[in-house]
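Annotated features in TrEMBL:
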- C:20-42: transmembrane segment (TRANSMEM)
- C:51-70: transmembrane segment (TRANSMEM)
- C:76-95: transmembrane segment (TRANSMEM)
- C:107-128: transmembrane segment (TRANSMEM)
- C:148-172: transmembrane segment (TRANSMEM)
- C:203-226: transmembrane segment (TRANSMEM)
- C:238-259: transmembrane segment (TRANSMEM)
- C:271-289: transmembrane segment (TRANSMEM)
Amino acid sequence: MSNAELIAEAGKIVDVAGKDAPLTVRGLTVSYGNKPAVFSIDASIPAGSMTAIIGPNGAGKSTFLKGTLGVVPRLSGEVRIFGKPFAEARDRVAYVPQRASVDWDFPARVIDVVLMGLYKSVGLFRFWRSRHREQAMECLERVGMADFSTRQIGQLSGGQQQRVFLARALAQNAEFYLLDEPFAGVDAATERAIVAVLKDLKAEGRTVVCVHHDLSTVAEYFDRVLLINVRRIAEGPVDTTFTAANLQETYGGRLATTHIDELRLA
Amino acid sequence: MDDLITALGAEFVQLSLTPIVIGILAAVACALPGNFLLLRRQALIGDAISHVVLPGIVGAFLVTGAIDAFPMMIGAGCAAIVAVILIEIIKRLGRVEPGAAMGLVFTTLFAVGVLFLEITDTSSVHIDVQHALLGNLESLIWFDADGWQSLLDPAALATLPPQLPRLALVLLGIVLFIALFWKELKISTFDAAFADAIGIHTRLLGFALVVATAIAAVAAFDAVGSIIVIAMFVCPPAAARLMTNQLSRQISWSVAFAVISAILGYVFAGYGPGWFGSPYAVSAAGMIATISGLILLLTCMFGPQRKRIGQGAEA
Amino acid sequence: MSFLDYFIDALFLQAGYNSALVAIGAGLLGLAGGGAGAFIFLRKRALVSDAISHATLPGVGIAFILMVAFGGDGRWLPGLIIGSAVSSAIGLLLVEWITRQTRLTEDAAIGAVLSVFFGLGIVLLTIIQTMSSGRQAGLESFLLGSTAGMLISEATTIACAGALAAGFVFILRRPMTLVAFDPEYAATTGINVRYVDLAMMGLALIVTVIGLKIVGLILIVALLIIPSVTARFWTNQVGLMIGIAAVIGGLSGYVGAALSAAAASLPTGPIIVLVAFGFFVISALFSPLRGGLASAMRHWRFQRRVHRRQGLLALARREPIYDGLTLRILRHSGMIRRDGVATLRGRIASQKAARDEARWAMARRILSDDSAVERYDGLTPIEDMMTPDQIDEIDRVILDQNGAPA
């Protein structure tokens, strides 16, 4: 078969998975220096799903996310968001970076950060107005942070900072949410609040992808998993993919077998 | 009372008004972009840029063979941009910290400037290292002014030192840049990855900010010298950061501090020695920098938001 | 005598007693600067030295004023050096104080201290210009340095102080290496990291004040920064890097001083800086370890490997290839024809790549504790990482599972 025929055939396959799926990744490779952080990853995230990206530390989970959004340069590979290049589908995507990636000593209040999520709806050369403030307050309400709107962001706890980041993403009113370690270092109450918001998003038909590190909550929070350790190990519904064998392959010797036994596996 | 009238009379307009206004314009033009440089941990870019102004003007002189403000400003601007690009390349190539890359580039370019000055015959013309460092704020007087009414006299206004309208224009440009790209500057300074993801060209914006910085530095150095430039990039914004936790207020404070430094610095330099019985004035540029430093010292000790708080305190 | 003759004379210390002393002094100064600078560089505080050097100026001015006030000669070099040391020490402490006590970051503190101290110094210089002593001329030379017309006593002072500083670097190299490499570990071995940091800064301060007369306060920071950035291109070892930095600094100082002795119109400071920069450019481009050319080549080869591997795997899985670079690479290496159909060679290579992938996948399952699996990068053939016995074992398991050879 020639390459042209193959492209035609693969087109059919993609159609089955949903040609306009929120995320289709083919052969994504990103390297820092001369070592690939992620190598030749394929993935396709169906609409309305809630997917956890799982893998050991340094396995390239965050890099995968950043690579799909072009925040870090790609060495090779192709990324389609809703069937289009990211630049054309940007407004339908909300990205929540790791909490530790920013300087929380920045001179801003909680509401200022949420207003950043309304950037697109404000427009070039214009300023935030009172109706934007109202929208921002609604988003803070949803994550239970309305009382903190005028607080300096440096005064917040880790969990509160994470909720503010989520509120900023909600303000973007996107169809596809990509979150990098939203549960890292947050208190139990925050974790519950964030999960509730994410499940609401899913219920509204939106798509959620989280980089996640706590294997014990995967089955409870998510319906799909993408297992990554530099390569893609497996991808699919939690029931069939979140298996001891796949985890063993993903984590290698770093995950004790007894630990796997304790997980609620399929 | 009579003293005051004399102090603010015709002689004041002729000798002191324009230097003070030029000092204020230069200080504010530098302090404004300085706010963002401070928050981006690039405070020392201003330092690097003001050092490479010297090779820029020397280069322009060697090319054109004339002492003319315009080509020299172009030369200085080009040198600043070359320096910024070199710093970027060395940072990437050598994977070294920005401070080291900056120090390497600006010392080398400064050395080139000094070398050119020494080996070419520039002794006959008026460029020297001291001028680049100190400026000549005191000499920017308004010859044709004979009192406050001159401000309404087109003929007299036409003889204003050219640095004044030039700096006013640059300041206007910088104010426009910051006002128009307020959201973009704020978002990309706080969270570059998020800014990238929502479609802000963070690299381009960062470069534009550095170019604005370079323009401010180049326009200011001609009038007031490099020292004020470096001091105004850092001191007023740093002092302002310790006064408030809101970016817009920080910027207002920095403008206020810049204006106060310029006025007090000029007044102390011109009249201060007289209070101690000395007939001579001291360097106004140096004094303005000193005053801005004193303001920073005061805010470091008493500024209401001087301490890191909460999570930030651990970092 | 030509310039070259003068230069060679100066290089071999034949150009007069004074120039020889200056060259030796500059060489020792560079040695100490390179060594001390390397520690500071490794602690990522290169520009602190910029604050130190600019903060010397008020000290020079005050020392001059005091010495004149007490009826002495305002230009007495040891006095000026002490004055500059005191004021730059104050500047250094202020940088530390601002960083510790307020929310401002170190770069802001550096910028503030260097500009304000420099401004204050300029104010003092303009005061000195109005003083009646009339011997103020020469203080400006501290801005850019000047060796022309240097007194023998001054040259001797500089040479001695340079030797002293180089000696200090040598004595303190072990604790400073430990701290620069891993401060936490150094602390557990009983080293007081804070004292060592202060000692490093003290050394930078000594280099700065000695260098004022030769290189000047604006350019002296180059002697602390450029040699260490240059040395970093040649080695990943801390100890070696410090040594290389010291040698490069020493050579720059010595050769630069000799050059400027040979041509009276060449100012010493800028020449020394440019010689150091020359070493930097050569290293940045041509160092085989981290130089630009070598890095670019490595990256290019690596990208090709990635694309080739991905392309072969896509061929094996009969997947389409969209990526232009991948197609080009496969075509150039004869793996596919112009129309994208795999050649015989391409089919063989792609089968091999696919078998390798299958073996690696199985290896991750059954040999997950093996160190080779941990180092897997997606590119290295399994034969390079595992023994034939291991591969046989992997093949057997694959055979068991699939019922057919991979």
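FYI, residue positions are counted from 1 along the chain as it appears here.
The backbone N, Cα and C atoms fix where each Cβ goes, glycine too.
No curator has checked TrEMBL annotations; they are predicted automatically.
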Inset, instruction - Would you mind listing the long-range same-chain contacts of the transmembrane segment (C:203-226), meaning Cβ under 8 Å and 6+ residues beyond its ends? - result: 22, 25-26, 29-30, 32-37, 39-41, 46-50, 52-54, 56-57, 60, 77, 80-81, 84-85, 88-89, 92, 141-147, 150, 154, 158, 161-162, 164-165, 168-169, 172, 248-249, 252-253, 257, 268-270, 272-273, 276-277, 279-280
Legend entry - Long-range environment of the transmembrane segment (C:76-95) - Cβ separation under 8 angstroms, sequence gap at least 6: 48, 51-64, 66-67, 106, 109-110, 113-114, 117, 142, 153-154, 157, 161, 201, 205-206, 208-210, 212-213
Inset, instruction - Report, as numbers and ranges, every residue of the chain located at least six residues beyond the transmembrane segment (C:20-42) whose Cβ falls under 8 Å of a Cβ in that stretch; write 'none' if there are none. - result: 10-11, 13-14, 48-49, 147, 150, 152, 155-156, 158-159, 161-163, 165-166, 168-170, 173, 176-177, 179-181, 200-201, 203-204, 206-207, 210-211, 214-215, 220, 223-225, 227-229, 231-232, 238, 241-242, 245-254, 256-258, 261, 268, 272, 276
Legend entry - Surrounding residues of the transmembrane segment (C:238-259) on its own chain - C-beta under 8 Å, 6+ positions past either end: 7, 10-11, 15, 19, 22-35, 37-39, 41-42, 147, 166, 169, 173, 177, 180-181, 214, 223, 226-228, 230-232, 266, 268, 271-276, 279
Legend entry - Within-chain partners of the transmembrane segment (C:107-128) [C-beta distance under 8 Å, separation at least 6 from its ends]: 47-48, 50-51, 53-58, 60-62, 64-65, 74, 87, 91, 94-95, 98-99, 136, 139-140
